[in-house]
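Novice: Residues or ranges marked as domain 'Thiamine pyrophosphate enzyme N-terminal TPP-binding' in TrEMBL: 8-112. Per TrEMBL, the feature domain 'Thiamine pyrophosphate enzyme central' maps to 204-321. The annotation domain 'Thiamine pyrophosphate enzyme TPP-binding' is assigned in TrEMBL to 414-539. What TrEMBL lists as Mg(2+) binding site is ASP445, ASN472, GLY474.
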Amino acid sequence: MASSCGTLGGHLARRLVQIGVHDVFSVPGDFNLTLLDHLIAEPNLNLVGCCNELNAGYAADGYARAKGVGACVVTFTVGGLSVLNAIAGAYSESLPVICIVGGPNSNDYGTNRILHHTIGLPDFTQELQCFRTVTCAQAVVNNLEDAHEQIDSAISTALKESKPVYISISCNLPGIPHPTFDREPVPYFLAPISSNPLGLEAAVEEAAKFLNKSVKPVIVAGCKLRVAKAQKSFMEFANASGYPIAIMPSAKGLVPECHPNFIGTYWGAISTNFVGEIVESADAYIFVGPIFNDYSSVGYSLLIKKEKLITVQPNRVTISHGPSLGWVFMADFLSALAKKIKKNSTALENYQRIFVPSGVPLKNQKDEPLRVNILFKHIQEMLSGETAVIAETGDSWFNCQKLRLPENCGYEFQMQYGSIGWSVGATLGYAQASPDKRVIACIGDGSFQVTAQDISTMIRCGQNTIIFLINNGGYTIEVEIHDGPYNVIKNWDYTGLVNAIHNGEGKCWTCKVRTEEELLAAIETATGAQKDSLCFIEVFVHKDDTSKELLEWGSRVSDANSRPPNPQ
């Protein structure tokens, strides 16, 4: 590091390591090459070269899910606008991703020059304008005097707000020594936030009164548990209350499913068996960190009544039609409420009375074409605390949602943004951040075609992910919303493609599967002889073989999408 000591590039590299980033996903371009030199020079930082900027952004998203923060580096405009979609996804999922762009030479700002990689105007702000709406802070670093302050301010804002930030660094600045970078950066001190004591007291008092007079209350976890860092407090309240614990689909993986009070997923008409009935028949429900969008509400069809509802968001509590109290933080509220709540297991006992275990999928006959429910039955058997599941947008959402996660088994999907192809890059990033877990990714053929190239990077990084490529000939999720010839895709020889990418370098094993017997043999090989290899298993299923949940969800979302305009 001696050569870069006291430079902007060295400072940024050490800052990234300091906040927990040890892998940066990048695509080189002439505006960021000098910066990449300085990142490579940091011994605790590994530069992971990706095949395209979109996947680099998705990888930083996946890395942030596992590590708490991620980073990517791309070049000006052509790279920045390419990664933009992934950064928008990270914003929607409240993930702190540091998006670093190599910018124009500092001397070119304020001139009338036209540069390459731009739209042909001397105004260089197009990229910045695009990032303003999908990041919580932006820094354009084109002089050294305030570079230290701009970089540190942007990174700390990402950590505080749990959202992506954009940092553009002029290409001629990373290697120039400056006195502001002379010493090792002082670690951040992010001052802990605490609730307004009077607001917290009022919220707890009102919520306890509301819940303690109810007969059969339930608790439902939402995805904002993660950004609020309130998972421990959630379980503290759940244990104290005795209520049955349900999750919204986007909260899967945030609540231990081995807990005795866990009953499954609340997703309206497509909830886990008996869960919808228990939640919707409750006389009080406390939703913790929910997002009620058209997808999570199954086309706005949830039977949730506001007069029975307590909504706990990261910094606000709203009780029924009554008080809404701000600057009350989720973790503080749940911990305090746990001390005031009366134990009430009525709804849990009701659930246990009506519960009938799900049937086991009918066994495939010898040489019978493989069915999706048989595939996921065997994926269920692969799960442990040493695995993590990545579910791609599509029918995998619904099939993976039904998996019962063992303790410490990871689980990720992108429900709010729902960008097809997300899982390939996210799998790369998550596996890079969690070498102690074996990632199992379930990806549809249509989604895979969007981002397939970075299988190459997984092999280069020595990852041992198992990818189930579900080949059903098209965009199945879109077929169930609105069918048309545009949902049929050109079939690829997917294992042949991956073998070509492998090209004899690194560890990679592929297999085609058409029957249950072939699937079992493939899983045995992937978890045995090829346990250290990237394993790509192409699973052929019928184009109409979908989960029943997708059929119901698709018809309801279709109805929501096709509502006629309101009368003028």
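The backbone N, Cα and C atoms fix where each Cβ goes, and this holds for glycine too.
A TrEMBL annotation is a machine prediction, not a hand-curated record.
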Novice: Using all protein chains in view, find how many other C-beta atoms are within 10 Å of the C-beta of ASP445 (Mg(2+) binding site).
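Specialist: Within a 10 Å radius of the Cβ of ASP445 (Mg(2+) binding site) lie 24 other Cβ atoms.
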Novice: Around the Mg(2+) site formed by ASP445, ASN472, GLY474, list the extra residues of the same chain whose Cβ is within 8 Å of the site's Cβ centroid.
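Specialist: Going along the sequence, the neighbours appear as GLY444, GLY446, ILE470, ASN471, GLY473, TYR475, THR476, ILE489, LYS543.
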Novice: Which number gives the other C-beta atoms within 10 angstroms of the C-beta of ASN472 (Mg(2+) binding site), all protein chains shown included?
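Specialist: So the Cβ neighbour count for ASN472 (Mg(2+) binding site) comes to 22.
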Novice: Are there residues of the same chain, six or more positions away from GLY474 (Mg(2+) binding site), whose CB falls under 8 angstroms from its CB, and which are they?
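Specialist: GLY474 (Mg(2+) binding site) has long-range Cβ partners ASP445, GLY446, ASN487, VAL488, ILE489, LYS543.
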Novice: When secondary structure is assigned with DSSP, how many helix, strand and coil residues does the domain 'Thiamine pyrophosphate enzyme central' (204-321) contain?
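Specialist: Going through the domain 'Thiamine pyrophosphate enzyme central' (204-321) residue by residue, I get 38 helix, 24 strand, 56 coil.
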Novice: Kindly report the helix/strand/coil residue split of the domain 'Thiamine pyrophosphate enzyme N-terminal TPP-binding' (8-112) according to DSSP, in that order.
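Specialist: The domain 'Thiamine pyrophosphate enzyme N-terminal TPP-binding' (8-112) comes out at 51 helix, 21 strand, 33 coil.
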